[in-house]
Amino acid sequence: MEDKSLGISNAAHEGKLYIVQQLIKEKPTALNAVDDDDRTPLHWAAAGGHDDIVDFLLGQGAKVDAADDSGWTPLLIAVSAGHKSTARILIEHNADINRANDSGQTAIHYAASKNRIEIAKLLVEKGVDVNATNDIKQTALHRAATLGYTAMADILIQAHARVNPKDRVANTPLHLACEEGHGETALLLIENNVTDKEPAQLMFAPLKNDLILRAARGEQVERTPVWIMRQAGRTLPKFREMKKEHDFFTICRTPEIASEVTLEPIEYYDGLLDAAIIFSDILVIPQAMGLEVLMNPAPFFPHPIETPDDLERLTKNVDVNKELGYVFEAITLTRHKLEGRVPLFGFSGAPWTLFAYMIEGGGSKLFTKAKTWLYRYPEASHRLLQHITDVTVEYLVGQVKAGAQILQVFDSWAGDLSPEDFRTFSLPYLHQIAARVQENLSIAGVDIVPMVIFAKGAWFALKDLSNMGYSVVGLDWTIPPEFAKEQTGGRVAVQGNMDPTVLFGTPEKVRETATNMVKAFGKDAKWIANLGHGIMPGTDPEMCRVYLQTIRDVSRQIRQ
C-alpha cells in the first residue's frame, strides 16, 4: 500500500474523505489508479465500509466493477465484509451483482458463506442469480448447507434456489448438511426437496407422443417420426396474417403470439407432425449480446462487428434470463397449450453461424468478411466465438428448464468453411455446447434432453459430429443415407433429409421422393424424417401435408 500520509488507497481504507478529495483534485488519474494488488481506491473504501467515500468516488466516475488481481470487485469485498449500505450504494450505481471472481464466487456465495442475512435479502431483491455456481460447481445453497445456516438456506430457497443441484463431486446441499451434522438445515432441505424438476415442469401434461424422443435415443419406434425445420411460420396462413400486424421480432418477443405461431402447424396438419419447435430466431443471441438486428426483410445488422475493437461494444456478462426470458416464457406457455400432444423443440444458432452474421452484417453467398476475420484476427475470432458459446449454453439450458424436451443447434453456414477451418473455428465450440449443456442440466438436477446438431454442408465432418455428445446428427439433402450411416457408425441417430425444393413439385413427385427416402433409410430406429434444410418461402402447405402423410404411411408399411 502507498505511504500512509499521501496514499489515496490508505486514505480511502481509513475513511479519510477530505484527504481522498484533495488527492483526486490534485491528481484526477488517482481516481482509478491501482496498487500492487490491482485494487483501486474504491476497493479500499468498500473494504472499510466508508459510504461517504464510496459515494464520492462513484460520483467522480470510479469504475464500479473494477477487478483486482484475483477478480474481486468492490461489491464482492463489501458483501464479504458485511457492509450492507456500501453494497446498496454500489448496486445503485449499476455494480454487476452476478460478477464472479477468479474462483467463480459471486456476491450471493459470499453472503451465504458469511451468513450475511440482510445483504442476501438485498441481493435477492435486486434479482441476483441464486443458482450461480463457482469453480467447484457449488451454489450459495451448498455454502449455507455446509455451514448450517438454516435461515440463509430458507432465504435462498424462497428466492427459487434449486434444492438439489450437484457440485463437481455430485454432492447436493442435503449431502453436505448431513455430512457436517446440521440437522435443522437438513430438515429444511428435505421439506423443500419435492422433486428435481423445475416448478414449471411439475404442471405439464404427460407426453402422449414420444416417437421423436425415442428415435433420438435409438429406441424402437412403430413408425418413423417426422417434423419440418421452419414448420412454425413462414408458409402457413395464420402466420402470414400476423406478419401484417406485427414485425418479425415483435412476434418472437411476445410469448402469447410466439406460442400461437408454434402451435399453428400442429393444428393445421392435425396429428401429422411428431414435434413442435418454438417460434423464435437464431439471431436473438446477437441481440442479447448488444447488437441491433432488423428484418428488412432478411436479417440486417446496422452496425456489425468490423474490427476487434468493436468487441467492446458487446455486453460482456449477458443476463440471459433478462434478455431472452421472453423465449423461456413462450416455451412454458406452449408446453401447457400442447397438453402433451407432441414434444417441444428448443433451439439456437451455432457459434460460427452467429459469428458469420455478426461480422458480415447479414446473410451472404460467400461470407467473405466473416472468413477474412478468421484469417486476419484469429485470436479475436476465438474470443468472439467463445463469448457466443457461453451465452448459447446458458440460453439452451434455460430453454430446457422452461420446458423444452429436445434441442437443436443450427450451424447453417458450416459448409462455407473448409474442412480445416470448420475443425478449427466451429467443431470445438459445438463440442463445448453439447458437453456444457448436459453438465449444467445435471448439476441443476434437471433431466438431460436429446440434442441435435445440424451443420449444413459439413458432409466431411459427419464422423466428428457423431462423436461429440449429440444424440442426433442432422443431414442436408446432399448426403446419401448410406454415406451418413457409414460415417456415423450407429453412434447417433440421424435426421433429414429431403431437398426442400421437391415440395414445389407435383404431389406425385413429393410422394415418390419421400417414399424413396424412407426406403433408403429403412427400418432403422435411429432416424428422424425431416427436410435437408428449412422449408422455403412460397411452399404450398398442402405439399407439406402430402410429404408428412407419405412418411407416416410408408414407414409403417415397411415395418409390417
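Note that the numbers count up from 1, one per residue, in the order the chain is shown.
The backbone N, Cα and C atoms fix where each Cβ goes, glycine too.
In TrEMBL, annotation is done automatically, which means it is predicted and not curated.
Sequence annotations record features per position, and here TrEMBL assigns repeat 'ANK' to 37-69 (among others). Mean pLDDT of the predicted structure over the repeat 'ANK' (37-69): 96.
Under 8 Å from some Cβ of the repeat 'ANK' (70-102) lie the Cβ atoms of residues 39-40, 42-43, 45-47, 49-51, 54-55, 58, 64, 108, 110-111, 114, 116, 118-119, 122-123, 126-129, 132, 134, 317, 319, all in the same chain and six or more residues away from its ends. Annotated repeat 'ANK' per TrEMBL: 70-102 (among others), in sequence order.
Taken from TrEMBL, the feature repeat 'ANK' applies to 103-135 (among others). A Cβ distance under 8 Å defines the sequence-distant neighbours of the repeat 'ANK' (103-135), meaning residues of its chain 6+ beyond its ends; these are 70-71, 75-76, 79-80, 82, 84, 87-88, 91, 97, 141, 143-144, 147, 149, 151-152, 155-156, 159-162, 165, 167, 321-322, 443-444.
Within the chain carrying the repeat 'ANK' (136-168), a Cβ under 8 angstroms from the stretch's Cβ atoms is held by residues 104, 106, 108-109, 111-113, 115, 117, 120-121, 124, 128, 130, 174, 176-177, 180-182, 184-186, 188-189, 192-193, 196, 199, 442-445, all 6 or more beyond its ends. Marked as repeat 'ANK' by TrEMBL: 136-168 (among others).
TrEMBL lists 225-234 (among others) with the feature domain 'Uroporphyrinogen decarboxylase (URO-D)'. As a summary of secondary structure, the domain 'Uroporphyrinogen decarboxylase (URO-D)' (225-234) carries 0 helix, 1 strand, 9 coil according to DSSP.
Per TrEMBL, domain 'Uroporphyrinogen decarboxylase (URO-D)' is recorded for 345-361 (among others). For the domain 'Uroporphyrinogen decarboxylase (URO-D)' (345-361), the list of distant contacts is 227, 275-278, 280, 282-283, 285-286, 291, 299-301, 304-306, 327, 331, 367-370, 373, 381, 384-386, 388-389, 392, 395-396, 399-400, 402, 404-414, 416-417, 422, 425-426, 429-430, 433, 453, 455: same-chain residues at least six beyond its ends, Cβ to Cβ under 8 Å.
Residue counts for the domain 'Uroporphyrinogen decarboxylase (URO-D)' (345-361) under DSSP, helix first, then strand, then coil, are 10 helix, 5 strand, 2 coil.
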